[in-house]
Amino acid sequence: MYKVCKNSFGQNKILNRNMLIHAGKKLHVCELCNKSFTRKSILSSHMLIHTGKKPHVCKICNKSFTYKNNLNIHILIHTGEKPHACELCNKSFVYKRHLKRHRLIHTGEKPHVCDICGKSFTQKVSLCKHLLNHTGNKSHVCEICKKSFPYECNLNSHILIHTGEKPHVCDVCNKSFTRKGHLDRHILTHTGEKPYVCEECKKSFAQKYNLKMHILIHTGEKPHVCEICNKSFRYKHIFNSHILIHTREKPHACELCNKSFAIKGSLKKHLLIHTGEKPHACELCNKSFAIKGSLKKHLLIHTGEKPHVCEVCNKSFTRKTHLNNHILIHTRQKPCV
């Protein structure tokens, strides 16, 4: 009987290996990067990173993976299986870590506590961001653009902007990302998983940020206030666009004709004039449109829907401009005789 962990072993070889784990010894060393491991099998798996070999192949789509665990997770995309189920509400998840995060909704547990002010958080990354409010320390400086960061990991992520490197690759579609968090969010588009649930209306979201923005609908809160006209906004990006009305600034310029726009979305729409691209196609008649809003208006022809109603006579119209023209009938003053 081995006294450290109270497990018994039938073979001395297995006992010796167990003793190395407790002793913290790692005898199997990678000759390429000097990383060490307790087991030879783990070293063998690690070597695949250097060789680029992907021995585990999906029988459905022939995509290959370095590790068997990654293949097993990938297969769930084909089967639609979500093996990790919440015992309280039966909601299921593809990844175990998403189930763990979901459980905090039921327990209300916030295990990550700030030592300075006692505020607690469900996720460690939220605590790290919060700590910056107390320290304000940004000791890690980018040598290229001199931008400073509080943590070395933040600096490392930032440097990828300059190098163009995207080390985090999606196993499903091979799209690559500079940050692991961005990859994690992207993976949800394949799984259809929405782990963030609104407690008020039970609507779920793939990203935590989208849930935070959604909650403002229930609270009615509009935290972004214009100092010039006191108009308030629910979302910061709309607030930023509003500020440009006062400054008359148009920072988004077309490289082809130099026309400038206050909002980036307006520039994107404008570029379609030059490219002739019409990415939004009607599934009923195959007519295509440059702008999604134009497709929505077009669909009303097929559905017969007239969402714009006159408050005076209840006459309805497919387009708001038609309603506005109609309202003039009621408001227009007759000339004096």
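The backbone N, Cα and C atoms fix where each Cβ goes, glycine too.
According to TrEMBL, the features are:
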DOMAIN    28-55  domain 'C2H2-type'
DOMAIN    56-83  domain 'C2H2-type'
DOMAIN    84-111  domain 'C2H2-type'
DOMAIN    112-139  domain 'C2H2-type'
DOMAIN    140-167  domain 'C2H2-type'
DOMAIN    168-195  domain 'C2H2-type'
DOMAIN    196-223  domain 'C2H2-type'
DOMAIN    224-251  domain 'C2H2-type'
DOMAIN    252-279  domain 'C2H2-type'
DOMAIN    280-307  domain 'C2H2-type'
DOMAIN    308-335  domain 'C2H2-type'
> In the same chain, which residue numbers or ranges, 6 or more beyond the ends of the domain 'C2H2-type' (196-223), come under 8 angstroms Cβ to Cβ?
Replying inline: 91, 102, 105, 185, 188-189, 232-235
>> I'd like to know if the domain 'C2H2-type' (252-279) touches the domain 'C2H2-type' (84-111) in this structure, counting it as a touch only when three or more C-beta pairs sit under 8 Å and are separated by 6 or more positions.
In response: no
>> With helix taken as DSSP H, G or I, strand as E or B and everything else coil, how many residues of the domain 'C2H2-type' (168-195) land in each class?
In response: 12 helix, 4 strand, 12 coil
> How many of the residues that make up the domain 'C2H2-type' (140-167) does DSSP mark as helix, as strand and as coil?
Replying inline: 12 helix, 4 strand, 12 coil
>> Which residues of the chain, 6 or more past the ends of the domain 'C2H2-type' (168-195), have a CB below 8 A from one of its CBs?
In response: 63, 65, 70, 73-74, 76-77, 82, 93-95, 98, 101-102, 157, 160-161, 204-207
